[in-house]
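Take a look at the structure below.
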Amino acid sequence: MDHEAEAHRTDLMTITRYVLNEQSRHQESRGDFTILLSHIVLGCKFVCSAVNKAGLAKLIGLAGETNVQGGSKRKLDVLSNEVFVKALISSGRTCILVSEEDEEATFVDPSLRGKYCVVFDPLDGSSNIDCGVSIGTIFGVYMVKDKDNVTLDEVLQPGKNMLAAGYCMYGSSCTLVLSTGSGVNGFTLDPSLGEFILTHPDIKIPKKGKIYSVNEGNAKNWDGPTTKYVEKCKFPKDGDSPKSLRYIGSMVADVHRTLLYGGIFLYPADKKSPNGKLRVLYEVFPMSFLMEQAGGQAFTGKQRALDLVPTKIHQRSPIFLGSYDEVEEIKALYAAEENTA
């Protein structure tokens, strides 16, 4: 290995170093967020290890319980939820947690409380575990006004109030994508070091894309604007080439591809799910936050996604997110329908 390659190998930007550098830019910072993030990262490493060993360790399969969404809990879901709840509480920096797996919010014991609220889906896309498809953890972080008198209202904030959001994808590699409100960066877990290394600095989504990502099995139940947009993707009338359909069925994997390559991810409302399918707090908001930070847009069919004010912790919403121009097209179709109504 030549000297230049060796220097590159040893001068690594780890996620801890990155966050400490960000912290040093804010003189008022006391390091609380850095500590919180280190516990989130630890949870991601643990779950990554468990996912990789799932088949051998008999973690695949049903655990005999059901979660608040009505789905049967898979063993890895249960384990992942326990890991993140314990990691977040033990950080001493959280006061309230909302998990996709738990019906009620978790209020942290006053002796361990900090100033942050964390919303998370510990293992999104877990129905794909058996076939080896990429799955992931999604999280968002808010700050509360008064950690000693925290209420559920602290969680029911619009997404634009988030301090940070991210996801960790467990696939051919373990990739953590993070935004602390000043751009988006991607880190890949180096198994030999046990550290997340900066591999995708300052991610920017292309302004236009050639890929659309949607479950077309629901097409017969879609509304007019969604149907028109997808038809235009497949049969463009302006001489352009049709867009390619790519749909994995794991939100983390589909959004990750959209973020890197451009295009649009759609999970619209339909007759079967008039309020949409994805949960606002720990799916729609974190992914919308990341998209906007990367130069894209996120839209619910009625408004900017991050302006939505949730009223319930497991509230659902339609979502269209991705490249700026693609989401702009969807917005124009909804506006046109509203004008003719």
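The first residue you see is number 1, and the count goes up from there.
Quick reminder: no glycine exception, Cβ is built from N, Cα and C everywhere.
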Select one of GLU82, GLU100, GLU154: the residue that Swiss-Prot places in the Mg(2+) 2 site alongside ASP121, LEU123.
GLU100
Of the candidates GLU231, GLU283, GLU292, which does Swiss-Prot annotate as part of the Mg(2+) 3 site that also includes ASP121, ASP124?
GLU283
Which of TYR261, TYR267 shares the substrate site with ASP124, GLY125, SER126, SER127, ASN215, TYR247, LYS277 in Swiss-Prot? The record says TYR267
Which of ASP121, ASP124, GLY125, TYR247, GLU283 has the fewest nearby Cβ atoms, counting only those within 10 Å, among these binding-site residues?
TYR247
Any idea what DSSP makes of LEU123 (Mg(2+) 2 binding site), helix, strand or coil?
strand
Cβ-centroid neighbourhood (8 Å) of the Mg(2+) 3 site, ASP121, ASP124, GLU283 excluded:
GLU100, PHE120, GLY125, GLY136, THR137, ILE138, MET251, VAL252, LEU278, ARG279, TYR282
To the nearest whole angstrom, what is the C-alpha distance linking SER127 (substrate binding site) and GLU100 (Mg(2+) 1 binding site)?
14
For TYR267 (substrate binding site) and GLU283 (Mg(2+) 3 binding site), what Cα-Cα distance in Å is obtained after rounding to a whole number?
11
Just to be sure I understand: of ASP121, LEU123, ASP124, which binding-site residues have a C-alpha no more than 10 angstroms from the C-alpha of ASN215 (substrate binding site)?
none
Please name the residue among the binding-site residues SER126, SER127, ASN215 whose C-beta has the most neighbouring C-beta atoms within 10 angstroms.
SER126
